[in-house]
Structure formats: C-alpha cells, structure tokens
Ligand SMILES: CCCCCCCCCCCCCCCC(=O)SCCNC(=O)CCNC(=O)[C@H](O)C(C)(C)COP(=O)(O)OP(=O)(O)OC[C@H]1O[C@@H](n2cnc3c(N)ncnc32)[C@H](O)[C@@H]1OP(=O)(O)O
Ligand SMILES: Cc1cc2nc3c(=O)[nH]c(=O)nc-3n(C[C@H](O)[C@H](O)[C@H](O)COP(=O)(O)OP(=O)(O)OC[C@H]3O[C@@H](n4cnc5c(N)ncnc54)[C@H](O)[C@@H]3O)c2cc1C
C-alpha cells in the first residue's frame, strides 16, 4: 500500500459529513464559497506558483512578489472582485507584501482616525491604489512604548504646516512593512509640539516618494532594514527604516478625528476618548486572531495527513507497520492542536462580531465597550499567536526528520508566522494590558457591575467558595462543569493578584512586582473566553450529519487539554482535587480515540488546496514519498553531477591525501 491508499482508507472512516463541516469551519455557505473560489483561482494560476521561492535571492524574491501583487490587483479589477473576495485572494497568494499594510493598516487608520474631510480626500486615493501607504509607528528605540516615540511634529504658525523631524538616530522609524521600497505615503506617528508644549503622540499623513518617478522626496531617507528570520518567509516584505530632516506637511495632514490643531495653533480634544487613536491596532489584532486559526490549521493539516501515512515499528509477520498517528503520544501532541485550530476559528468569528458591535457603538458615541474590546483583542492576539507559533513548531517535530525539509512547508510557515508574536503588540505586553483591565474591573466592582467577557467577576462570591463536584471521568463531558472550572480558576487568580497589589502603597509598584502572576491570570481569563465561545458556538444550529458531535468532541479536547496542561493553576486555586484533575486526563485520552477515525476528514474540512499548503508531506492525495524524492531532485545542487566549487576546493584536498599516502 502507498500513501495514496492510506489516505483513501482514512477518509472512509469519517463519521461526519465533510462538506457540511467545511461550511461550519468557514462560518457560512457564502463564506465557504468565496474562500473556495479564491483558493482555486490562485491555485490554478501559474503566476502564483511559489515552489521556486526558497531558491531565489532577495532581489529576485522581492521583484517576484511585486509581480504577483500587481497581477493580483489586475485580477481584482478585471474580475470586479468584492472586498471580501480580494481579501481571500491576497490571503491565498501567501506572500507578505506591501498590500498587507495598505489594506490592513493604512486604509483602516485613515478610516478610523481621519476626519470626515480627510476621509473624503484620502480614502478614494488609497482604495484605488493611486497612493500606497504604510503604518510608520515603531522606531529604533521604541515599539511597545508608543508614548516614548521620539519623532517630532512641530507646528509652524507662519506656514500653517507641521515640521516632521527625526531628532536622534533612535527616532528612526524602523520596521514598517512596504516602507523601504514601495510605499508612497505613510501614517507617521510623532510627538506633537505646539509653541514648545508636547501634546502626546499623533498620526500624520506624510508623502515619502514622488508619484511621478517614485524617487524619495527631499528631506527623507528611506531604506530596507535587512534580511529577517528564515530565507523566504517574511523576506518578500520590504520592512523599512525612515528618517526625516525637517519635512514640511500641511496642517490638515494630521489625522484629526480624535483631536485637532486649529489654524491658530490651538489643540482641541474632541469628545471621543484619546484611546481611539490606538484604534487601528485593535482592528488589526482582530485580523491577526483570525489569521492564527488559518496558520495553525495549515500546519495541523500537514502533520495529520503525514502522520496517517508515516509508519514506524510494530510490524508482525511481515504485515504493515503502525501508522504513527496511532501512537497515543502522537495523538496527545497532535489532536489538541487540531482542536485549537477550531477553537481559534470560532473565537475569531466571535471577536469579529464584537468588533462590529464596538464600531457601531462608536459611531453612536457610545464608548463604553472600548476597554473590553481592547482587552479582548490584545489578549486573544497574544494567546492565539503564541499557541499557533508553538503549534507549528510542534507539527514540524511531529513530522520527524522530513518536517525539517523546506518541501514539508513547515519551516517556511514557522518563519513567516512567528513574528506575529511580536508585531502589533508584543505578546507579554499585550497580556499586561489585559491584566490592567481585569484589575481595574475588580477595583471598580463596588459601584460598577462587570459585563461581557468579565461578567463572571461579578459572581465572585460563589466562585471563590465553590468546589468542583466532578466524580467520574464522564462528568467532565458537561459544558457547565467545564465553564465553572475555568471561571473559578480565572477569578481566583485575578482576585489573588488584586488583593496582593492592594497591599502595596504604590499600586503601580505592586502591579510591576506581580506582573508574572498577572500575565498568568490574564491567560486564564483569555482561555476562559476561548472555551466559552466554543461552547456557545455549539449551542447554535450546526447542520450536517455528525458535524455537531465531532465539534463537541473537539471542544472537550480543547478544554480538557488546557485543564491538564495548566492543572497546577486549577489545583493551586483549590477548586479541583488531584483525583478530579486525573479524571479529566482520563477523559481526554478517551476523547483522543474518538477523534482518531475522523482526523483526516477533520483536516480535509479546512479545505486547504495543495498550493496553499505548499507541502509535500501534506498533499491531499497522500503521494508523499515519490513527490518528496522528486522535490529533492529539483534542488539546484542536483543540477550537475559535479557541483561548483568541488574542483576548486575539494579535489585539492583529496589529491593532497593521495600524495600523503604515497609517502
Ligand atoms: C503578515 C502575515 C499576516 C497576514 C494577515 C494578518 C494581518 C496583517 C497585518 C499586517 C502585517 C502586520 C504588520 C504589523 C504592524 C505593526 O506591528 S504596527 C505597530 C504596532 N505596535 C504596537 O502594537 C505597540 C504596542 N503598544 C501599545 O499598543 C500601547 O502603547 C500600550 C502597550 C497599550 C501602552 O499604551 P500607553 O498609552 O502607553 O499606556 P497605558 O497607560 O497602558 O494605556 C492608557 C489607556 O489606554 C488604553 N488602551 C491602550 N491601548 C488601547 C487600544 N488599542 N484601544 C483602546 N484602549 C487602549 C489602556 O487600557 C489604558 O486605559 P485606562 O487604564 O486608562 O482606562
Ligand atoms: C515582521 C514585523 C513587522 C512589523 N511591522 C511593523 C509595521 O508595519 N509598522 C510598525 O510601526 N511596526 C512594525 N513592527 C514593529 C512591532 O510592532 C514591534 O516590534 C512590536 O510592537 C514590539 O515592540 P518592540 O520591538 O519595541 O519590543 P520591546 O518592547 O522592546 O520588547 C522586548 C522585550 O521587552 C519586553 N517588554 C517591553 N515592555 C515591557 C513591559 N512594559 N513590561 C514587561 N515586559 C516588557 C517584551 O515582553 C519583550 O520581551 C513590525 C515588527 C515585526 C517583527
């Protein structure tokens, strides 16, 4: 039997309707159709071929990416693709480039922080790509600490302009994507100075390059910051360094939704909270959560298919060896990641709806849910990206030696994905933001009832004193037992931190001293959100034979895996006994055997094309070994029998040995 037969047999074992599961994964039939259509469009177009990428040099790779982005823009226009379709098209092209910044940051920043007049002027230009923009916030010395940025924007009364300047080396903008070579404009974050007074950091629209010949404008120095982790990966992106030498822009190019500067040089704070200036980051963090489920599902799909094909040991009387997916250890590493991919998918859908709700409220000048939205996006961005980056690396290990080959698709995916733990808010810094929100919520509870994702804190009294009543492993197959366990763990960790902070004379000092515990408490809170969202999703109608039942199994796997992994928290907070924790682990192992027959069908439900996976190990048809051999043969080193350099550097050594032997 070959890999092709193994996967065919595996697919026959499925206990649910795969086509219906594809719809459940996508969110709706329409969403599935759009994503499926765009995936096939990209996969079937030779322009989007990507197997040669790892062997290209930086310049060729960059140019190749520009070519693909230009062709994609042509397709978007020629085929009249909708915004949603265009988003999926870019996603499936699967090469980071300047358009990520244009559509995920530059346009949202204009939309969220521009005044109505500014939006009227700039949005049509950006949406038709007559200008290409980036988001220039981070500097050489400051990324997380936005208030510490050093670039200045000084108001000049006489000319009615701002003077944008980089006063120090460390104030150089450093990292913005698409900035080095492509962007014509940037939203530059700088300290506003009027008449010698500082008014905090604000965004300014600054033109960097000529729209005629693309040359850099006077006063601007811009370039690439150099190669990044991995060879291909994120190196298709021109992350840049940018310096200003007293560059002048008109006053009306400061983003003026949150605050304005008048012609007279008066600073006016409008009636919206100043935190709205951070709004672009909130919206991109939500996109990043959604991206996490895509990246993790991709790695899991590769590792699961390959685990069903790979066989090691256990042959009796010349019979076939054991599929590595049948080893309990393989299952205990792989299936929680499979479950996490679904969990992240559903939590990202929920986060998107939360975001839509917040946006509508903001339009109506209701800012009450902004702190919660910030805490949720920051926390879930941190949780999902950390778990996904670790999960991709685990999938590489699950594929043994072949996982280390570029042709497995996993090294490239990891190198491309891992900066998500850092960009758009370093993960620990983000968890500390969640902690601030939680501690504040607890401190305000005497006069303000917690709502939304923090509402369980309002049920603190019973949660602080209850004990778990699970008595058998089956008792863990109960959503309310699971939610109660996660709520109790989170509440007790948060209250413990809050009480210890309260003992400090200086609360900030207390917060800093307890920051490690606070990050753990925040993680507990975020895990509760993911688990509860999964459970809530299962309460909705999910059509298709066996689909809901399979998702229920995955939901329990996700929750009990976390419970097992963090059992120290559950035991230390006194809610569980060690016997109950051990029953949870027993149940988890039983659940793995329920996932096993459905594993291949579950990863098929992601509907990933071979083009998107770009993995010999994860091929849909399972024809792994012949294709692995073929991919190896294509390596440039195999172009000739005697490689360049052999005659020059190896032969002389060999000949010298011969000479010595004669002596
Ligand atoms: C490429 C492959 C993928 C392809 C598809 C995926 C997507 C594709 C993306 C494109 C590719 C990525 C490209 C990366 C692009 C960058 O990385 S852009 C740069 C991003 N930079 C960051 O995220 C910096 C992180 N730092 C920060 O966000 C903030 O400065 C910090 C850490 C929150 C600190 O803020 P602060 O004002 O100094 O201090 P703090 O006192 O903590 O906060 C003040 C108040 O504001 C609140 N607040 C803070 N932030 C916010 C906020 N955002 N909203 C609301 N309130 C807030 C706080 O809660 C606090 O409230 P109160 O307690 O006073 O009520
Ligand atoms: C691939 C990539 C693309 C990027 N694209 C852009 C872009 O388009 N535009 C842009 O403006 N920026 C961009 N960035 C920059 C990115 O947003 C920042 O790197 C990120 O916000 C982290 O900031 P930092 O580099 O200053 O990290 P630092 O804050 O210096 O982090 C270093 C360490 O310090 C710790 N630390 C920092 N502050 C605290 C604290 N208060 N408490 C405890 N620990 C702390 C962190 O946890 C971390 O371990 C990009 C970065 C990458 C890697």
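Using N, Cα and C of the backbone, Cβ positions are placed for all residues, glycine too.
The feature domain 'Acyl-coenzyme A oxidase N-terminal' is assigned by TrEMBL to 17-132. Annotated FAD binding site per TrEMBL: 138, 177, in sequence order. Residues annotated as domain 'Acyl-CoA oxidase C-alpha1' in TrEMBL: 278-439. If you look up TrEMBL, you'll see 424 marked as active site, proton acceptor. The domain 'Acyl-CoA oxidase C-terminal' annotation in TrEMBL covers 478-655.
Mapped onto this structure are the features recorded in TrEMBL.
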residue: 138; record: FAD binding site; Cβ contacts under 8 Å, 6 or more apart: 173, 174, 175, 176
residue: 177; record: FAD binding site; Cβ contacts under 8 Å, 6 or more apart: 96, 98, 100, 101, 134, 135, 237, 238, 239, 240
residue: 424; record: active site, proton acceptor; Cβ contacts under 8 Å, 6 or more apart: 281, 284, 285, 288, 381
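The predicted model assigns the domain 'Acyl-CoA oxidase C-terminal' (478-655) a mean pLDDT of 97. Secondary structure at residue 138 (FAD binding site), as computed by DSSP, is coil.
DSSP places the residues of the domain 'Acyl-coenzyme A oxidase N-terminal' (17-132) in helix, strand and coil in these numbers: 90 helix, 0 strand, 26 coil.
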